[in-house]
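Feature annotations, courtesy of TrEMBL:
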- 6-22: transmembrane segment (TRANSMEM)
- 43-62: transmembrane segment (TRANSMEM)
- 74-96: transmembrane segment (TRANSMEM)
- 128-150: transmembrane segment (TRANSMEM)
- 170-189: transmembrane segment (TRANSMEM)
- 201-219: transmembrane segment (TRANSMEM)
- 285-306: transmembrane segment (TRANSMEM)
- 318-337: transmembrane segment (TRANSMEM)
- 349-369: transmembrane segment (TRANSMEM)
- 390-407: transmembrane segment (TRANSMEM)
- 413-433: transmembrane segment (TRANSMEM)
Amino acid sequence: MEIFYYLVFGALSLVVLALELSKNSKDRITTSAAFNAFKNNYIVVYSLMMAGDWLQGPYVYFLYSQYGFDKGDIGRLFIAGFGSSMLFGTIVGSLADKKGRKRACITYCITYILSCATKHSPQYKVLMLGRVLGGIATSLLFSAFESWLVAEHFKRGFEPQWLSLTFSKAIFLGNGLVAIVSGLFANLIADTLGFGPVAPFDAAACFLAIGMAIIMSSWSENYGDSSESKDLLTQFRGAALAIASDEKIALLGAIQSLFEGSMYTFVFLWTPALSPNEEDIPHGFIFATFMLSSMLGSSIASRLMARANLKVEGYMQIVFAISAATLLLPVLTNILVQPSNVKGGSISFSGSIQLFGFCTFEACVGIFWPSIMKMRSQYIPEEARSTIMNFFRIPLNIFVCIVLYNVNAFPITVMFGMCSIFLFMAAVLQRRLMVVAESHKSRTQDWSAMKEMDAESEPLAI
């Protein structure tokens, strides 16, 4: 493997290490021992849940191809996963609010373990069932755990600012370090030890089972709106009404869908972008480099959110603008750099430029996750949190399904250009969200001041 990849990985490692070691009192939030115990428990569980997810990633496509399925068959399996998340995600999200978030987290573990078990079968229908179960599990992973955390955090009386600390640490470890270690561990058991491509799925099931045991033994239950008089349809209407009646929630949902849609599209496009002529690139090592970039982003986010005078709504405009610029690089290099027609070989000059841009994009992803979590905790009402969060995933899943279905219909530069436009739109909507939030805050303060003045001027009853 070329020294270029080691230099990029090494430089990123040093920057992340320097950021973590150089944190001073301004970058740290003083908390209590009770909160630290709560935070550490959640981070351990979240890391185990993410390990169960990340272990499967490197070998899903390869396992399906080993069973003899072609690109079209595999594409339909992936579409089934995203379609399942879209169709059933909102239902399970509503059930989480109604029946309990802890139960929903346990359901995630059971559902994903069953999905892993289906990978032992070469039957297409069984694998399709596994993808459907995996789609349901994904919806729970990205809604139930965050909903439980936010509700439990405030139920225990912890400071609102401390929540950002849990978010940033969970992303730093769960979406960064755990992802890197999971990729290396999957490679170890599948290839080095020779257990085959099903082994990572068995390992994922074990980690999920351990996490489920911790949830069952140490987590308390919390709910959204557990009223027995409200059925699922009523909850859907309530969530839809909340989105339609509050511009802040609607803007937040649009921003999330635009960014995550671009992010998932990037997942499918980065390999052909870096090796358009079948260049020999180390996919696993590049993936690890991307995850290290995400760790860098989450480390930056923890510093930004530790400053009380710095608004998430403000700096996220810059993050989205930078993201838009990075995904525009493949378009620009295609225009400005002379393309090579030589098959094979090492990564090209334009590929090297794009790799730096993609690492920057992944750093933006690392900033995005804890920041969007903090904004959701501020704007989404508690009684329908999981339901609304899964509503946000509907346009996302529709978009990803369309991209997957038409991935060969458009040139790769067109797809990246489209993602860049979406990210620029997210920056514009983020600006609008900041204006609306400040206006609402100003009106609330004015109303409170008027109420106090009225109370002071009210004559005494004699």
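Cβ atoms here come from the backbone N, Cα and C positions, even for glycine.
Nobody curates TrEMBL annotations by hand; they come from automatic prediction.
Not measured: the values here are computed from a predicted model.
Ranking 43-62, 128-150, 201-219, 318-337 by CB pairs under 8 A with the transmembrane segment (413-433) puts 318-337 at the top. At the 8 Å Cβ threshold, with sequence separation of at least 6, the transmembrane segment (6-22) comes into contact with the transmembrane segment (285-306) through 3 or more pairs. Using the rule of three or more Cβ pairs under 8 Å, pairs at least 6 apart in sequence, the transmembrane segment (349-369) is in contact with the transmembrane segment (170-189).
Touching of the transmembrane segment (390-407) and the transmembrane segment (43-62) is ruled out by the presence of fewer than three CB pairs under 8 A, sequence neighbours closer than 6 excluded. Taking Cβ pairs closer than 8 Å, the transmembrane segment (201-219) reaches residues 41, 44-45, 48-49, 51-53, 55-56, 59, 63, 102, 105-106, 109-110, 112-113, 116-117, 119, 148, 152, 185-186, 189 in its own chain, all 6 or more past its ends. Comparison of 43-62, 128-150, 285-306 by number of C-beta pairs under 8 angstroms to the transmembrane segment (74-96) places 128-150 first.
For the transmembrane segment (128-150), same-chain residues at least 6 beyond its ends with a Cβ under 8 Å from one of its own Cβ atoms are 42, 45-46, 49, 53, 77-78, 80-86, 88-90, 92-93, 96-97, 101-102, 104-105, 107-108, 111-112, 114-119, 163, 166, 219, 222, 224, 373, 376-377, 382, 385-386, 389-390, 393.
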